[in-house]
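Below: the structure, in structure tokens.
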């Protein structure tokens, strides 16, 4: 399902992830999908 997220959905995930410094750092290295699911669980879309 990760490949089917819209840019708007990805941006909203980034906004959540950026509130958590560890998640933001992981996003920079692993990507937003991996970082979000690691810290917040399954993507809700």
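Any Cβ shown, glycine's included, is placed from N, Cα and C.
Straight from Swiss-Prot, the features:
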type	residues	note
DOMAIN	1-41	domain 'Gla'
BINDING	11	Ca(2+) 1 binding site
MOD_RES	11	4-carboxyglutamate
BINDING	15, 18	Ca(2+) 2 binding site
MOD_RES	15	4-carboxyglutamate
DISULFID	17-23	disulfide bond
BINDING	18, 24	Ca(2+) 3 binding site
MOD_RES	18	4-carboxyglutamate
Inset, instruction - Determine the Cβ neighbour count for residue 11 (Ca(2+) 1 binding site): the number of other Cβ atoms within 10 Å of its Cβ. - result: 11
Inset, instruction - Check each residue in the chain of residue 17 (disulfide bond) that is at least six apart in sequence and keep those whose C-beta is under 8 Å from its C-beta; list them in sequence order. - result: 23, 24, 27, 32, 35, 36, 39, 40
Legend entry - binding-site residues: 15, 18, 24 - member with fewest neighbouring CB atoms within 10 Å: 15
Inset, instruction - List the Cα distance (Å, whole number) between residue 11 (Ca(2+) 1 binding site) and residue 18 (Ca(2+) 2 binding site). - result: 10
Inset, instruction - Tell me the residue counts in helix, strand and coil for the domain 'Gla' (1-41), as DSSP assigns them. - result: 33 helix, 0 strand, 8 coil
